[in-house]
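Enquirer: Annotation comment: TrEMBL describes 12-35, 92-113, 125-148, 168-186 as transmembrane segment.
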Amino acid sequence: MGFASWGRTDTRVLTGMLGIAFVIEAFWGLVLPLLHVAGALDVVSTRDVLVNPNVGTDLAEADGMKLSVSESATLKVADPSLGERVLLDLPAVFYAVLILLGIYWLFLVARTLGAGDPFAPRNPFRLFGIAALIVVGTFGDSLLTGITTHQLVAGTSLEEHVPFSVDFSFLPLVVAALVAAVAEAFRIGVRLREDTEGLV
């Protein structure tokens with residue numbers, strides 16, 4: 001389906017889906033973690049962590065935390081303090097903010113499609129912004145998780161078992177490159193439209 005055949009119904013469906021995704025992500029990724037930080041939710045506080053290779057399967061509890069090991073480890077924080085809740089939920093909130101911003105930019109692009117103006121001047125910026133969000137999310141979320149995990153176990157007997165570590169995936173970077181390529185195509189389209197209008 002080309003832009004010429006893109007209709008009002010298509011725009012409503014797309015923007016409706018993006019709106020639903022925005023609400024769901026805002027609730028699960030932002031509201032619930034913030035309620036947990038505020039102490040309004042009584043949920044089990046856990047985080048999957050990487051451990052030193054020499055860690056055994058039987059580890060003692062320490063400082064209200066217990067480390068149980070399978071292939072990796074699950075860090076369980078019993079009755080976390082405010083600071084610990086912030087450390088536990090900060091990566092999720094950070095990632096949710098990036099996702100919500102990306103959905104919002106996609107929503108704005110979708111509206112220009114409905115208006116019959118896919119090469120709106122700000123669309124390339126929005127698409128480049130989404131590509132940047134993917135890159136920031138890939139590195140930032142992993143780095144933030146590593147930092148907050150280190151802070152959670154720092155000063156406890158579990159610290160020696162949980163080294164500082166980050167884990168990156170290259171697949172999101174490929175997606176970011178594809179989105180950036182689409183953004184560049186839109187930028188060229190905007191420039192060609194401006195050049196054409198200048199000849200009229």
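Yeah, the Cβs are placed from backbone N, Cα and C, and that goes for glycine too.
Owing to the predicted nature of the structure, the values given are computational and were not obtained by experimental measurement.
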Enquirer: I need to check the long-range neighbours of the transmembrane segment (92-113): which residues 6 or more away from its ends have a CB within less than 8 Å of a CB in the stretch?
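Expert: For the transmembrane segment (92-113), the list is 3, 6, 10-11, 14-15, 18-19, 21-22, 25-26, 28-30, 33-34, 120, 122-123, 126-127, 129-130, 133-134, 136-137, 140-141, 144.
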Enquirer: For the transmembrane segment (168-186), could you work out the same-chain residues 6 or more beyond its ends whose Cβ comes under 8 Å from its Cβ atoms?
Expert: 118-119, 123-124, 126-128, 130-132, 134-135, 137-139, 142
Enquirer: Please give the sequence-distant neighbours of the transmembrane segment (12-35): residues at least 6 beyond its ends with Cβ less than 8 Å from one of its Cβ atoms.
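Expert: Long-range Cβ neighbours of the transmembrane segment (12-35): 41, 89, 92-93, 95-97, 99-100, 103-104, 106-107, 110-111, 113-114.
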